[in-house]
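Step one of this worksheet: look at the structure below.
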Amino acid sequence: MLSAIEIEQITHELQQVPVKKAACIEALKIVQQQRRWISDESVADIAAMLDMSTAEVDSVATFYNLIFRQPVGRHVILLCDSISCYVMGYTKIKQALVELLHIGYGQTTPDDRFTLLPNACLGTCDHAPALMIGNDLYRDIAIADLPQILDQYL
Amino acid sequence: MERPLTQHIPPSGAALHLKEYEAVGGYSALRKVLQELTPKEVTEKVKDANLKGRGGAGFSTGMKWSFVPMNVTGPKYLIANADEMEPGTFKDRWLLQGNPHQLLEGMIIAAYAIQATQAFVFMRWAYKEAAQIMTRAIADAYAAGYLGKNILGKDFQLDMQLHTGVGRYMCGEETALLNSLEGKRATPRAKPPFPQVSGLFGKPTIVNNVETLSYIPHIMNNGGDWFKSLSYTADGGTKIYGVSGKVNKPGAWELPMGVTMRELLEEHAGGMKAGLRFRGVLPGGASTDFLTDAHLDVKMDFAGVAAAGSRLGTGTMVVLDDKTCPVGFVHNLEHFFAQESCGFCTPCREGLPWTEKILLALEQGNGTYADLEQLEIHTQLLGPGNTFCALAPGAMEPLQSALKYFREDFEQHIKDKKCPYAHH
Amino acid sequence: MPIINIDNKNYEVKEGKNLLEACLSLGLNLPYFCWHPALGAVGACRQCAVKVFKDADDTKGRIIMSCMEPVKDQLRMSIDDKDARNFREHVIGWLMTNHPHDCAVCDEGGACHLQDMTVMTGHSYRDYHFTKRTYNNQYLGPFLNHEMNRCIQCYRCVRFYKDFAGGKDLDVFAAHNHVYFGRQQDGILESEFSGNLAEICPTGVFTDKTLKQHYTRKWDLTSAASVCQGCGLGCNILAGERYGAVRQITNRFNAAVNGYFLCDRGRYGYEFVNSDQRIKTPMVHHGPAEQSNGIPILEHVHHRIVPGKTIGIGSPRASLESNTVLKELVGADNFYLGVSAADHDLVSLSLRLLRQGPVRAASLQDAAAADVVLILGEDVTNTAPMLALSVRQAVRRIPVAAAQQQVHLAAWQDAAIREAVQDDKGPLFILSVQETKLDEIAQGAWHTAPDNIARIGYAVSHLLNDTIPEVTGMSEQGRDIAATIAKTLKSAAHPLIIAGYGGGSEAILKSAANVAWALHDLGIDAMLSFTVPECNSMGLEMLDGHRLESAVERALNNGVDTAIVLENDLYRRLNQHSADLFFSNIKSVILLDHLYNITAEKATIILPAGTFAESDGTLVNNEGRAQRFFQVFAPATAVQESWRWLLQVAAASGHTTLSSLQHLDDVVKYIAATYPQFDGITTLTPDAHFRLAGQKVPREPHRYSGRTAMLANKNVSEPKPAEDEDTALSFTMEGYRGEPPSSMIPFFWQPGWNSVQAVNKYQVETGGPLHDGNAGKRLIEPNVNGHTPFYTEVPEPYLPLKEHLLLVPCYHIFGSEELSIHTPGIAARMPAPYLLLHSEDAKRFQVTEGHLLHFMDNGHHYTLPVIINDTLQQGVAGIPVGLPGMQIAEAPQLIKV
């Protein structure tokens, strides 16, 4: 069931669009904001609110890589794996993260703290390699910086 | 040297807020336009300046606007494409974070020109800071009467919304962007009809790049001749160029259109890092053909880069050095493009993963000459018109030029059955 | 007409088409996947690439997708161009990177468009040597298999299911080369048209699950042109048999009727043919006839036919031939229509309205072209499913013209047109007793009792023509509804009014006729569509006969010794009490039917009657279109057509006129000569003497395998193939290999075109009629010049009563039809008996959902679990019709709970 906040925010978005369906992505963002990820139940709830079928909502949800259809940890690490970061050695950063967190891409630490995902270009190529955790962007990362960066996220 | 787009952005990159923007003449262009010009005159002015789209395709902005039907009822839309997702590209972030009102003013003028009543900034998800800045800028613009009903007391109204995306490179393609804004999967649409005629929600729509729209207030204030005079070449204006990779001072700079690649790399980016040699560059983002040291004196404008066999694209360059494996480099690119294919048309959906797999096999020393031939075939077949949109043709540009310029590296991988760069 | 140059040859082509359509219409081979004549073009698969050239001097040209390029006069193009051919071959190469190459174990194999296109492009060697991606498959219910690894991502399935048929539970998921077509979760596909996915899918992702139960390759089927028995619309089907069992039903294209599609009842409802309840030998007193004193069965029958005391009871699910022969055998005075009183009243009224009024009956094609649709009292999706699909097309199509104005594109530009159309829908108004599936696309949908529906109909007609009396005592809401509908109808060019048996009300039918006739008087090309319950309901009504209740009365008055019951279970026509009375008051019952049922239990003699698959015959659909269906296979048992049994009985009794008739053509000619209303049925198909190049038309493809071996386990000598003396078809693979007349096409096949897509080759143009026109002939034409008086007897409004409920019929696509429920998958989707109540009424009677409620009808007790439905008007209760084991209740009628 959607929470009161979610309903309120989705209702607000519905006022901005000419057809209900057009609020689909916004609704997914709102629910993900609250719950970290989009469960089958959330898909159904959003569908009901937007007069869409669950299939239609999920068709959209599964298309976009930043709508998570599986549970993620409290903090999602998005490591840029695009070309400038490749040149600047993101693969070593990845290896270091894997060793620090003992998880691979798409996995979540057992304490539910981190999920590690690769991400396409973060648009900060002059400061490669880069990663994002939540809303925070980290640039010019060195392996040595990683423990300190991760420590900020509980 | 004039830097109209970025001169007021402090070196820290911090945002110019409304008062600061107004203090340096912000919104004077809008005032002037609403007082003095008809929508058609605005479009003519942009046409006269011959402003070419900064998103990559380089189509005449004024021309694009002129295709919008003016005598229709119902809504029209103006959209700023701030979905900067071309790998190696980070120029719009600078403008979005540093001078949001410049974009908004450009958008309001553009909306006036096509008589749109609703505008959107479609911003990629990763630009969290830019989104915050833009949210505030929009609110400030409303409060100051630059947005909403009766803008500056005139009979013109415009509403503005910020939409942040949820990923997918495809959203940068204007028709896929429209689908995404409609809450749908970001698959591209067939053209015709062009968005100017049937765009967002089937209504006339203009989608322009951030850098393009940011130029509009300056063109309104200073005119087409001024705009043309900024440039070294026939393509007018300044351009934001960027360089990333193993250079001494990676970054972005606003420079006259047509600056040479050599100047960019050697002066602004400070040359290659110590011990490294320049081997090649993607001049305008991931989907442009490599240029090499033979092209260092190429003028970085639309025609110049095209003549050298590539595209100006976004004007943000990615440098390949001599210690980075070109095969691995291209594999990284094709991995990106294969991942970001929307899955709608066959050649792109199936062809790109194939090239990705071949490149990985080559990189791992498992490649064959037949694989090289297969890559060549793909570069020929995934051309414009053969695929539904420009994604796959763009993906083939760095591949085909890598096969041309770095062929010996590919063959070395096959002969050695391993990557010759692996120990680095 | 524009001239285009293809490979240096000029061709005249039709304006407004795309190049792919133009090429295919010219008979040229050009491969494609995502384009479909009914769905238009989206340019996804890139398979139909051709080269176009600027002018004769342009030697380079450029590759374009022919499906996305409009025909233009003087356009130069090449199919054969080296680059275009190379690209097309590589498109297959790409599709094959993930396709599993499992043709040998794939149900689509041998009838696969992907196979055909692969061969067409010349792709024969696989260059891809990496791993293939794999998917999990889904359970999609009893009708369709799902094998996603075979998917080539052409997007046709979602475009048909969602956009065309209005389904909601099939979609495309994920992105790049992970795109997945299926449901959000495993489960039964909800659309009534889901089975079409098996034909729309160009490869083996969606395949017919019932076929899988008794799988046969297309080339091993013995097939014939047939007509669906599932409802009164008469959709054209192909039925295929092997080893005496019907294996599969597929669409038989008819532009005027069902086009490319079928509903799931029609496609899957065939399993009764193979049922173990089939009657296969003649029975006397429930024992096999051979053991009955050695007397031949016909003697048994003949002895019981007492002139003046023998009656015949016809059937709306038996052919015109069988009904007519029975009528002749017993004499017109003794022929009774084997239909319920309600069905008889409604169908005979429909027939009168179509014959006497000035407004024509709409074909399914006409319905899809309507520009305003008004549905009165009918749940079309459940009573005439394919008509609902036509209504969906009308609603979809209407806003297209406006969108085309905006974007200046042809209607086949599917994606662009849909974008320009957005959610605009053509005007559809529905008045029904409860919510119907079509409500979701209606501009207005209102739910009320049948008489109130009729009153709105009358009110609309009054607003169109003030000589029709005003409806008094109308609520303000009712007046508003009528005004809205009337206003929209007035501005229409081709409005369609739909009513029928489902509403259970003559008043509704009359009001529908009033509306259509009033529109006609305004010079508007109005159309009527009256649904009828069964495949030959209209034909039987046209043949004419006495009411079934009079047969019961006559039996009670000792007027009947013997009743010959034709393909009928009288317990579905009469309530149990009447049926029991009837059977207990006659001496002998001679039944001709397919399946053992309650009526069979009462029968003295049972003759095994052929189903549609074992019979030739003619059916008349709801618009009065007579259509021939052909025997699919020669049964190894005593099963034969009812009309043939009856002719043999007639011969044994020395019947004067019938004795001379022997073959189908004899009967058809006799009917046409004797009954002017059926004049013309002799021209439905060529007669039995018809030959092409001196040969018959084979029911089996030339690749039919195993003929010499398939019965070797029984006898090493190959049996002599059955001979078809009734038609110009043969039961073998020998015969004319070319294209037969459209009315007798047994399967669609052309060299290089093994799948259903071969139908392109049989059409005048893609999506257009078959080469020699659409099969079938309309027997009812409106009385254009005459003037029929409008109906004036407006019913009183129905207001909820204190102690009574108005019982109304509820029809179900899966469950209400007698024979289709023998398909296990259809039975599985059938509802359990119920009584539908408004929650206020439930409160009133102190019941909640699931509680049992009791009422009486004609002395019969009903105890049914309650289902709450607040779309019903208060005071109205719904009861399902035709569910097996459920007593028939008269509806509408007032009941006391």
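Using N, Cα and C of the backbone, Cβ positions are placed for all residues, glycine too.
Features reported for this protein in TrEMBL:
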- A:CYS80, A:CYS85, A:CYS121, A:CYS125: [2Fe-2S] cluster binding site (BINDING)
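Overlay of TrEMBL feature records on the structure.
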residue	record	CB count, 10 Å
A:CYS80	[2Fe-2S] cluster binding site	30
A:CYS85	[2Fe-2S] cluster binding site	29
A:CYS121	[2Fe-2S] cluster binding site	28
A:CYS125	[2Fe-2S] cluster binding site	35
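Under the three-state DSSP scheme, A:CYS80 ([2Fe-2S] cluster binding site) falls in the strand class.
Among the binding-site residues A:CYS80, A:CYS85, A:CYS125, the ones whose Cβ sits under 8 Å from a Cβ of chain B are, in sequence order, A:CYS125. Under the three-state DSSP scheme, A:CYS121 ([2Fe-2S] cluster binding site) falls in the coil class.
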